[in-house]
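The structure under discussion appears below in the form of structure tokens.
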Amino acid sequence: MSPQGPGTAVDVDDEVVLLDPDRRPCGTAPRLAVHGLDTPLHLAFSSYLFDAAGRLLVTRRALGKRTWPGVWTNSCCGHPRPGEDIALAVERRVDQELRLALTDLHCALPDFAYRATAADGLVENEVCPVYVARAVGDPDPDPAEVVEWRWVDWESYRQAALAAPWALSPWSVDQMTAFGQAAHPLTAALRAVG
């Protein structure tokens, strides 16, 4: 696992990959500087992690987070570093944020993108492939990143996104819509490669 200790800031000086309107890399920018009132399109990822029973790990963003503090969301999100394989970035970020190892990592929504504006005007503007994986064990989250976590039933979370979208992160709500009525996403991904 990561050498990071609880409460340790991670990736503070990371660069994110900027994208042109055709979603091609066109430069880099510091992660902390890129998110603002006029956030440029950039590359990110989201992940949905499941336990051995098929339950989804949902997390509540720490209250000190710059964007959407205290909001419930999918398992983990982040940004690949310039030149970094996105699947490896998912594994790196999950280890840093949740101190979890993964198996059966698959990209479920390779073309997902969204733009959302928070109540304070901060904008997310991301091409954000969505990954699913099986988590090994329970998380031990970095409190600077995650204030709470729960294992929940997939269908219950999908229904919550439909019934109370204001209670979840906007990207997670949009991703649940993109998953649609399909079967459990990890099962579907494993079946597709199997």
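The backbone N, Cα and C atoms fix where each Cβ goes, glycine too.
As recorded in Swiss-Prot:
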- CYS77: active site (ACT_SITE)
- GLU126: active site (ACT_SITE)
- HIS35, HIS42, HIS79, GLU124, GLU126: Mn(2+) binding site (BINDING)
- GLU97: Mg(2+) binding site (BINDING)
- 40-174: domain 'Nudix hydrolase' (DOMAIN)
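Taking every protein chain shown into account, HIS35, HIS42 are the binding-site residues, and of these the Cβ with the most other Cβ atoms within 10 Å belongs to HIS42. Of all the recorded positions listed here (CYS77, GLU97, GLU126), GLU126 has the Cα closest to the Cα of HIS35 (Mn(2+) binding site).
Each of the recorded positions GLU97, GLU124, GLU126 was scored by other CB atoms within 10 A of its CB, and the lowest score goes to GLU124. Within 10 Å (C-alpha to C-alpha) of HIS42 (Mn(2+) binding site) lie the following recorded positions from CYS77, GLU97, GLU126: GLU126.
Ranking the recorded positions GLU97, GLU124, GLU126 by the distance of their Cα atoms from the Cα of CYS77 (active site) places GLU97 first. If you draw a 10 Å sphere around the CB of CYS77 (active site), it holds 23 other CB atoms from the protein chains shown. Annotated Mn(2+) site HIS35, HIS42, HIS79, GLU124, GLU126; additional same-chain residues within 8 Å of its Cβ mean position, judged by their own Cβ, are VAL16, ARG31, VAL34, THR39, LEU43, ALA44, ASN125, CYS128. Secondary structure at CYS77 (active site), taken from DSSP and collapsed to helix, strand or coil, is strand. Taking only the Cα positions, the spacing between GLU97 (Mg(2+) binding site) and GLU126 (active site) is 20 angstrom. Look at GLU124 (Mn(2+) binding site): DSSP puts it in a strand. The DSSP secondary structure for the residue listed as 'Mg(2+) binding site' is helix. This prediction places the mean pLDDT of the domain 'Nudix hydrolase' (40-174) at 96.
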